[in-house]
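Undergrad: Starting off with a structure, shown below.
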Amino acid sequence: MSTSPYAGTGGPLQGIGRPLRVMIVEDEALIAMDLEMTLEDLGAEVVCKATSASEAVRLARQHRPDCATMDINIHGDRDGVSAAIELYQMLGVRSIFVSAYGNPETRERATDAKPIGWISKPFSEAELKRTLDEFSSDL
């Protein structure tokens with residue numbers, strides 16, 4: 001049972017008249033599960049989860065999320081920065097990087113993905129909510 005005041009209410013992420021549709025790209029199952037529960041508690045709809053760049057692109061084409069949470073180090077031969085750039089350039093899907101790797105070089109590489117924001121692991125619900133609220137208010 002969720003303790004969030006937004007659980008089951010659609011939460012604050014309905015500036016677009018419906019729940020924000022989010023894709024999770026994370027190869028650590030427990031972190032993905034925590035992100036999913038937190039996003040749902042905040043009123044978002046998790047439309048799909050991926051563990052690699054190629055899976056993320058395939059699922060994004062199928063599910064058309066509004067945005068993605070993106071880890072940097074994911075399964076496969078491409079990283080999360082590469083996946084985020086492709087998601088943005090091919091589908092217009094922007095990402096929130098949720099990662100322990102936010103060094104200046106990585107952030108510079110990610111500029112072509114037009115990131116929504118950067119959240120360090122371990123993430124906090126408040127920081128994720130603030131980032132998603134800012135994004136959804138611009139939609």
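From the backbone N, Cα and C atoms, a Cβ is placed for every residue, glycine too.
Just so you know, TrEMBL annotations are computer predictions that nobody has curated.
Remember, predicted model here, so these are calculated numbers, not experimental data.
From TrEMBL, for reference:
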- 21-136: domain 'Response regulatory' (DOMAIN)
- Asp71: 4-aspartylphosphate (MOD_RES)
Undergrad: Among all the protein chains here, how many other CB atoms are within 10 A of the CB of the residue listed as '4-aspartylphosphate'?
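TA: Looking across every protein chain shown, the total is 26.
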Undergrad: In the domain 'Response regulatory' (21-136), how many residues does DSSP put in helix, strand and coil?
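TA: DSSP composition of the domain 'Response regulatory' (21-136): 58 helix, 27 strand, 31 coil.
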